[in-house]
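S.K.: Okay, so TrEMBL annotates it like this:
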DOMAIN    E:10-140  domain 'Exoribonuclease phosphorolytic'
BINDING   E:R86, E:G124, E:T125, E:R126  phosphate binding site
DOMAIN    E:157-224  domain 'Exoribonuclease phosphorolytic'
Number of protein chains: 6
Amino acid sequence: MRADGRRENETRDIRIERGYVKHPEGSVLITFGETKVICTATIEEKVPPFLRGSGQGWITAEYSMLPRATPTRNQREATKGKVGGRTMEIQRLIGRALRSVVDLKKMGERTLWIDCDVIQADGGTRTASITGGFVAMAEAMHKLMEKGVYEKIPLTDYLAAVSVGIVSGAAVLDLNYAEDSTAQVDMNVVMTGKGEYVEIQGTGEERPFSAPELTNMLSLAKEGIDYIMGKQRESLGEIASQIGDLVGQQS
Amino acid sequence: MRADGRRENETRDIRIERGYVKHPEGSVLITFGETKVICTATIEEKVPPFLRGSGQGWITAEYSMLPRATPTRNQREATKGKVGGRTMEIQRLIGRALRSVVDLKKMGERTLWIDCDVIQADGGTRTASITGGFVAMAEAMHKLMEKGVYEKIPLTDYLAAVSVGIVSGAAVLDLNYAEDSTAQVDMNVVMTGKGEYVEIQGTGEERPFSAPELTNMLSLAKEGIDYIMGKQRESLGEIASQIGDLVGQQS
Amino acid sequence: MRADGRRENETRDIRIERGYVKHPEGSVLITFGETKVICTATIEEKVPPFLRGSGQGWITAEYSMLPRATPTRNQREATKGKVGGRTMEIQRLIGRALRSVVDLKKMGERTLWIDCDVIQADGGTRTASITGGFVAMAEAMHKLMEKGVYEKIPLTDYLAAVSVGIVSGAAVLDLNYAEDSTAQVDMNVVMTGKGEYVEIQGTGEERPFSAPELTNMLSLAKEGIDYIMGKQRESLGEIASQIGDLVGQQS
Amino acid sequence: MRADGRRENETRDIRIERGYVKHPEGSVLITFGETKVICTATIEEKVPPFLRGSGQGWITAEYSMLPRATPTRNQREATKGKVGGRTMEIQRLIGRALRSVVDLKKMGERTLWIDCDVIQADGGTRTASITGGFVAMAEAMHKLMEKGVYEKIPLTDYLAAVSVGIVSGAAVLDLNYAEDSTAQVDMNVVMTGKGEYVEIQGTGEERPFSAPELTNMLSLAKEGIDYIMGKQRESLGEIASQIGDLVGQQS
Amino acid sequence: MRADGRRENETRDIRIERGYVKHPEGSVLITFGETKVICTATIEEKVPPFLRGSGQGWITAEYSMLPRATPTRNQREATKGKVGGRTMEIQRLIGRALRSVVDLKKMGERTLWIDCDVIQADGGTRTASITGGFVAMAEAMHKLMEKGVYEKIPLTDYLAAVSVGIVSGAAVLDLNYAEDSTAQVDMNVVMTGKGEYVEIQGTGEERPFSAPELTNMLSLAKEGIDYIMGKQRESLGEIASQIGDLVGQQS
Amino acid sequence: MRADGRRENETRDIRIERGYVKHPEGSVLITFGETKVICTATIEEKVPPFLRGSGQGWITAEYSMLPRATPTRNQREATKGKVGGRTMEIQRLIGRALRSVVDLKKMGERTLWIDCDVIQADGGTRTASITGGFVAMAEAMHKLMEKGVYEKIPLTDYLAAVSVGIVSGAAVLDLNYAEDSTAQVDMNVVMTGKGEYVEIQGTGEERPFSAPELTNMLSLAKEGIDYIMGKQRESLGEIASQIGDLVGQQS
């Protein structure tokens, strides 16, 4: 039993509320327990210089925390005049992960901006951002489909992320902040609907970890991601069936 | 009759939801129609260098918009590496306005950070920020009072703000974005509970304005602010009666 | 009687010296008592991106103080690596005010840069900048007229600015630094030759202000601006009669 | 057989040349094939603010590439005015990895700066940096031991890193640039002398990867790291036996 | 004969007007023909970190041009967010040159800031800045002497600067902009009252220069500096006799 | 005799190793005693904006030191977010000096980037950079000649640099760091193969210097540069004879 009463293979309460803000092409408020992230998707009809004329699209993610998303106030990066290393690492991860399930050629020469703004942080903000960013992205692509730009949403599969770790010697799923800050090992896993890995980032914070511990954590991550993808499909409603070739198997 | 059906002296639907995020000492989601701002108040037990040893407190405000708070995406100021002129102007205004009703000596040597983050923008974000920031500030000060730091909340009066302007030749109250972007004259007014001016900022955007037009706009502003202060008192509940010396008269 | 012997409705000694520096298309040294500002106007034959192809012109103002314009030395903004909030606020104000009397369509697709560099500061630098910037702008436009670019200077009216405030309980005109730093209320007013408002920015620094106080200050501002516009016309000499449709009434 | 003639489980030629530059407390030129990195270790007798008074030490790593370390010239980050996301990600990884084998309490209140400057890049610069940084760090700590600051080098274990990946469908060890740029999956593994994981960072660049593929790659990484640690021990000479509790087993 | 009618060994009209701005401890408007620079001296009662506790003083110079000091407008360095290479080079030169005639130990632990702001540029702004900066520095030190801080001004000698160059094959003194921009060789020379060199910076812009050409240029520079020092002494009035040990010889 | 046993007119051991890094079009490791600099030359097939369409080429130099090139660690300029004044001054000098022997018209509309990265510093890094940069530049131009872009290398002459100074009252050649840091006078001289000056930069660090001292230093510089050019020719091998019109005299 964990401090908040969860079993080791249990995620926190996960909710995905679509259409949270009115202007963006896709928008979601995703909550993993007390962690709340607004994910929006913006369509821009041009691409970064290295892709101009290629016929190919691009996904760029940006991540930020409100100053009081955390127990003590963080100085704004705008005020500091630069984006910090942690933020860069996270937004590069989000972008890379989301791109892995997009057919960039079919997407066409446009950019999807995924903005993940953490309203309240309690651990797992990057996994919530990837999970919510996927839904906002699907929503925006669906809007383009409705406009006749696409015949089919150019997503090859589902994508979700979850954290696992070793806390007090035991492998646990979806760490909250209290667990995360005392974890011996911390790992983020991003997987596709087919159950393959897109990203594995494991760090021995307090001590190195063994091969069997790795196996345990990956097995919890798989369980967690299956559950989270159920939530994504629920929130996507009729859009859910348009993603990938794998409709039948998944639902 | 205005485009959205309001009378000229009518504000949009105004809501103030306290405790919107869990970590800050004070926090509010304020909505003026489709404009939504998260205002948080953070207590920091130190002051800027120019006040050290003075026994006096300080209020600092920061303002930001999420990239998709607006119809088209705005680049983040963190990414640009600097805070823009409009943002600076607004956050200086919010801070100056809030300080005007704080007894900085009684506040003691601490800083209150007021963060105003616009989730969705539809005109009037600065007036919503001042109005919501006041409530978050009162909430944070009340928390210090409950801890025994203060005997009484060091606020000398209520404070709220509203925009007025001249649209299609007529003076109107609380402009939404559609009105604001076509306004001939645009004015922001910040007033105290006693009905005195803290800030008047009027700009002839399309054409200069006459003295009678100024009188009309100020009169609408007074009406609007009386209404908005009612909303502030409602949301503050029992804290409301602790502010200023003016309890009887106001309620 | 005020500390420097002026009556409440009296400005300081105001001088406008044209042609102070030789390179710019327009240039002025303006002094309001001990406040001295070099205002220059530069014509650039292109416009900011948002106006390209519109046929319309633009006015951009920049403001700066020499490090020892003030009693103690201010660090240069170039050395700090960023323009501060006060500077941004002032230069946005100058630009907005000047644009209000320019017929941007008749101006043609070019930019007028108005640079206001404070050589010596003693209160009222922003009002001196607007007042002197107007003369430099007229001079530069006149030069274009002489070259045959314009048939008539594309200025719809005169423009000048002055500060008013409440010092020791009394409304006074054109505050110097000693007055400004102890003022209870501080207001900057920008008006046209027709006597209408372009900008009103009033701030209760020490305390809020009442409606009758506002009326008093606006009345002093009107008097001051009438006097200052006389100085502008004098310095403009034969250019003076080319501005607006209002030649007869004004002179 | 790979393009450069290596077997799948074979690293490139690995050399570690100690004392490459004369000023630093520790310094190494490490080469992984055509990849060459100068790693230096600097001892600074103070710690970052968050550790002051804690009695604990810290390891900070910085990473950079010379502009022509690569086939085409990269703009210097100093000229750009900011450190890029890739650089931040790498230097955070190097620092985190090195700290994992340091007994920070025994290290005492001092900082070790590890600077990794890539002279020539041909894939695997971050794994070379970690591997070479470890040797420079040990050398610097040994210098402190000789000065009597330490009785024993405060390193709990060896540490090395290597890349693995899936290229043309096959798992391979220590990818050069040609392989890296066409890899379907790319993974960096950091391990201790005891064979446990400190970091695993795997990314499906071209496609996601399956659990069996993960197992294969981790097994190659283990082989590679054993070999690389032999090179580290060789280069460290008599210092080698002073590291960790594992002297007997290791040498 | 030169284009502006000067002989080869003739400087432009040189004027030094003391007390040009009222706030600084020393201030000068120096003109070399059409080049006009405001030089101010500020006394700050602290030193940079590397001198704290040393009992020694420091001289720091900053240099800037108003945007329209030049025929075409230059973007402000504050707006660009960084000080350019040319500015840095010049302000380093000014500071180094001025320090060379200050007895930093006798100066005491304080900093003299020399700000050189070019109002109008027509060649030779750096030599005018050094020459005028010297006078402003002497004035500020004299003020400290009058306050009883010094018994004697801590300046060991006079200091002035002038440019020389080769224009159309002939060596000439004190180049204006038209000459400077077509010069084959350009040289700045800083000398003391005793006639020794403090700085020589010669550049073959269009072609290298020979030893005899160097000799010619240095001889012109000596002549020019003698003349300019006469102007410095005149402007310093009674302060002039307080500088260095060389009073008799100089006047 | 000097501290390191050299005579006054003797340089340190000078070595030029071509092809030190594999990617650049030209690359050199140059050592002046314990000073080691990697100089690379990159050909870019475009020019800065001010030369577009002119048919002319350009040389741009960048200079940097590794953090531990020096006895104590220097913070990286990338981390500081800006290039310092000393660096700017040096890289402007290198570029200007190298351009002086290039026939920019014959070079064609392309840019040569010369990157000088100091691996180890012991005085004279800027003179080593110019000397080594020249060889890297020649190597890169030779590569273009071999590709048929040029018939002849567009270099009009040889170019090398050396420092001279006055140490303990005596003029000496090629100062190492120990000498440089106690020098009374410090001078850098850049000369062509024909023995003419391209740059002279002399500074009286501790005291001004006299005309005879200048003569002595320039004479040492000439001797040193003759020797150094011999090293350049040796390292250039068969390329040596392709430079300038002066083949016969030089070899």
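Backbone N, Cα and C atoms are what each Cβ position is placed from, and that goes for glycine too.
As the structure is a computational prediction, the values presented were derived from the model and not from experiment.
Help me picture where these features are in the structure shown.
M.R.: Secondary structure of the domain 'Exoribonuclease phosphorolytic' (E:10-140) per DSSP, as helix, strand and coil residue counts: 42 helix, 41 strand, 48 coil.
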S.K.: Under the DSSP assignment, what numbers of helix, strand and coil residues are found in the domain 'Exoribonuclease phosphorolytic' (E:157-224)?
M.R.: 18 helix, 30 strand, 20 coil
S.K.: Need one number: mean pLDDT over the domain 'Exoribonuclease phosphorolytic' (E:157-224).
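M.R.: A mean pLDDT of 96 is what the model gives the domain 'Exoribonuclease phosphorolytic' (E:157-224).
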S.K.: So how far apart do the phosphate binders E:R86, E:G124, E:T125, E:R126 get, largest Cα to Cα in Å?
M.R.: 13
S.K.: Tell me which of the binding-site residues E:R86, E:R126 sits in the most Cβ-dense spot, judged by other Cβ atoms within 10 Å.
M.R.: E:R126
S.K.: Can you name every residue in this chain, apart from E:R86, E:G124, E:T125, E:R126, with its Cβ inside 8 Å of the center of the Cβ atoms of the recorded phosphate site?
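M.R.: Surrounding the site, in chain order, are E:Y63, E:I90, E:V118, E:A121, E:G123, E:T127, E:A128, E:S129.
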S.K.: I want to check the contact list for E:G124 (phosphate binding site): same chain, sequence separation of six or more, C-beta distance under 8 angstroms. What comes out?
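M.R.: The list for E:G124 (phosphate binding site) reads E:R12, E:F32, E:G33, E:T35, E:V162, E:S163, E:D174, E:L175, E:N176, E:D180, given in order along the sequence.
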S.K.: Restricting to the chain of E:T125 (phosphate binding site) and a gap of 6 or more, list residues whose Cβ falls under 8 Å of its Cβ, or answer none.
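M.R.: The list for E:T125 (phosphate binding site) reads E:T35, E:V37, E:Y63, E:M65, E:I90, E:C116, E:V118, given in order along the sequence.
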